[in-house]
Amino acid sequence: MKVTKSDIVISAVKPEQYPSGGLPEIALAGRSNVGKSSFINSLINRKNLARTSSKPGKTQTLNFYIINDMLHFVDVPGYGFAKVSKTEREAWGRMIETYITMREELKAVVQIVDLRHKPSVDDVNMYEFLKYYGVPVIVIATKADKIPKGKWEKHAKVVKQTLDIAPSDELVLFSSETKKGKDEAWNAILAKINK
């Protein structure tokens with residue numbers, strides 16, 4: 001999909017701050033520093049609409065971006081960052097749970113994992129949490145450019161097995177450097193919002 005317009009709408013914490021208008025939403029979740037902002041920027045052809053950070057755990061709000069006036073990307077705070085206090089982690093959990101369970105506009109969650117590594121316990125917990133609530137998931141395995149092409153299948157198998165990816169959910173290998181998987185990611189997203 002060609003993105004001609006993309007802007008941040010609001011950084012929200014509470015449901016009353018979520019945008020109105022009924023546009024379909026795709027939430028993006030992933031461990032801190034997994035490359036979520038790079039994934040968003042790569043999909044929308046912008047250098048830094050979603051701010052990339054060398055400081056993990058920087059996003060502490062739900063950041064709503066409007067894309068081509070037809071859908072919202074919702075950047076969810078990164079999970080699994082050890083230096084965040086227990087209180088902050090609990091607040092994060094409540095905010096995510098409220099959004100995922102109450103938001104009718106939510107069509108799917110893009111869960112971002114690092115193709116180079118076996119998904120972490122936090123990744124597995126997040127995937128299971130989404131499945132528990134019946135949320136469709138698109139798993140994006142980033143940093144494919146850091147692995148020789150001949151090993152992609154082996155790494156993809158580890159991701160599939162560790163997360164126990166449901167047959168209805170997709171796995172897309174992606175690289176924000178080479179743009180590998182960009183079209184597949186968009187196709188998967190558009191299929192979910194057009195259901």
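Glycine is no exception: its Cβ is also placed from the backbone N, Cα and C atoms.
Just so it is clear, the model here is predicted, and its values are computed rather than measured.
Some features that Swiss-Prot has for this protein:
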- 22-195: domain 'EngB-type G' (DOMAIN)
- 30-37, 57-61, 75-78, 142-145, 174-176: GTP binding site (BINDING)
- SER37, THR59: Mg(2+) binding site (BINDING)
Relative to the Cβ position of PHE174 (GTP binding site), how many further Cβ atoms are located within 10 Å?
28
Excluding near sequence neighbours, so keeping only residues 6 or more apart in the same chain, what lies with its CB under 8 A of THR61 (GTP binding site)?
SER11, ALA12, VAL13, PRO77
Considering every residue in the domain 'EngB-type G' (22-195), what is the mean pLDDT value?
88
In Å, rounded, how far does the Cα of LYS143 (GTP binding site) sit from the Cα of SER37 (Mg(2+) binding site)?
13
Whole-number answer please: how many Å between the C-alpha atoms of GLY30 (GTP binding site) and SER37 (Mg(2+) binding site)?
10
Starting from each candidate's C-beta and looking 10 angstroms out, tell me which of the binding-site residues LYS36, LYS143 has the most other C-beta atoms.
LYS36
Across all protein chains in the structure, which of the binding-site residues ASN33, SER37 has the highest Cβ count within 10 Å?
SER37
Pick the one among the binding-site residues GLY30, PRO77 whose Cβ has the fewest other Cβ atoms within 10 Å in this structure.
PRO77
How big is the Cα-to-Cα gap, in Å, between PHE174 (GTP binding site) and SER37 (Mg(2+) binding site)?
13
